[in-house]
Amino acid sequence: MTQAQTAAAQPDAIPVAAPSPQRWRVADVVALFELPFNDLIFRAQQVHREHFDANAVQLSTLLSIKTGGCEEDCGYCSQSAHHDTGLKAEKLMDVDAVLDAARAAKANGASRFCMGAAWRNPKERHMPALTEMVRGVKALGLETCMTLGMLEDEQAKQLADAGLDYYNHNLDTSPEFYGQVISTRTYQDRLDTLDRVRDAGINVCCGGIIGMGESRRERAGLISQLANLNPYPESVPINNLVAIEGTPLAGTAPLDPFEFVRTIAVARITMPKAVVRLSAGREQLDDGLQALCFLAGANSMFYGDQLLTTSNPQTQKDRALFERLGIRASEADAMSADA
């Protein structure tokens with residue numbers, strides 16, 4: 001039986017991959033979520049293999065270059081000045097210290113280096129150091145990404161001129177659930193920043209956080225928003241809430257881990273050429289669940305012992321898992337989707 005015949009024989013006539021162009025209605029995304037688990041994972045793996053090497057995963061390292069004291073009130077975040085989490089606010093790191101961390105990340109096998117700053121938006125006085133960081137990290141042969149909050153047009157242009165590969169600015173959740181998590185920044189603020197990043201010629205890294213108490217339909221609403229961006233993001237990080245003491249979401253019940261795997265699969269189907277990244281909260285998944293995430297179409301993960309202010313599986317454990325699964329680390333330039 002050919003691959004086409006195999007696909008045609010599967011139950012539930014929902015497209016394996018979105019024809020282009022297609023608007024993903026929330027109801028369509030909900031229908032994907034509600035497929036039997038095996039059917040959903042099978043379809044996601046089909047899509048994944050159409051565009052990527054199914055046994056290659058990109059390793060990314062994330063560094064907090066400016067920690068704590070953020071003006072925003074994001075209910076999940078330990079770095080918000082609105083929450084009493086015991087985290088001490090720090091100034092922007094020196095460029096040399098950032099480059100030292102990037103060298104260590106590369107030596108550990110990472111091909112992508114992400115730099116995150118806890119503030120509402122960068123000030124003009126920060127831009128020279130930020131652009132120097134980008135140039136320095138690129139000179140090491142690493143793919144670069146920054147997440148700095150909202151940007152103005154000129155700031156996006158400066159980062160683009162420095163050679164920034166990706167800018168991360170997450171939508172976090174669906175428009176309907178958003179107001180229950182954040183009040184200091186609107187959904188439209190986030191969309192406007194993504195437009196500025198696109199207009200500057202920088203690749204978009206945009207995803208969200210699940211397990212914040214949202215419904216399945218609201219999770220589908222997030223995926224619908226992401227998939228309907230024009231174009232959808234090149235990089236889609238999916239975070240599993242880490243309920244941090246002192247934040248408003250500290251008492252949130254953990255998400256069913258199979259729902260997390262479903263979310264990875266639905267992201268893969270609706271955004272077939274995106275790099276789908278396992279992000280915060282991976283430490284909460286055992287090896288079997290992480291293997292299911294790779295089967296569902298995840299092909300990147302944050303690698304290293306720390307993600308901003310939350311812990312992450314140790315690098316030795318990740319290497320051992322890769323060896324057991326026959327997965328290899330992929331170079332950044334090898335992660336472009338096949339046409």
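Each Cβ is built from the backbone N, Cα and C atoms, and glycine gets one as well.
These features come from Swiss-Prot:
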BINDING   Cys70, Cys74, Cys77  [4Fe-4S] cluster binding site
BINDING   Cys114, Cys145, Cys205, Arg277  [2Fe-2S] cluster binding site
DOMAIN    55-282  domain 'Radical SAM core'
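For Cys145 ([2Fe-2S] cluster binding site), the same-chain residues that are 6 or more apart in sequence and have a Cβ closer than 8 Å to its Cβ are Ser60, Arg112, Phe113, Cys114, Met115, Leu164, Asp165, Tyr166, Tyr167, Asn168, Cys205, Ser235. Mean pLDDT of the predicted structure over the domain 'Radical SAM core' (55-282): 92.
Put simply, Arg277 ([2Fe-2S] cluster binding site) is 19 Å from Cys77 ([4Fe-4S] cluster binding site) when counted between their Cα atoms.
Each residue contributes its Cα atom, and for Cys70 ([4Fe-4S] cluster binding site) and Arg277 ([2Fe-2S] cluster binding site) those atoms are 25 Å apart.
Other Cβ atoms within 10 Å of the Cβ of Arg277 ([2Fe-2S] cluster binding site), summed over all protein chains shown, number 26. Cα to Cα, Cys74 ([4Fe-4S] cluster binding site) and Arg277 ([2Fe-2S] cluster binding site) are separated by 21 Å. Following the DSSP three-state reduction, the secondary structure of Cys77 ([4Fe-4S] cluster binding site) is coil.
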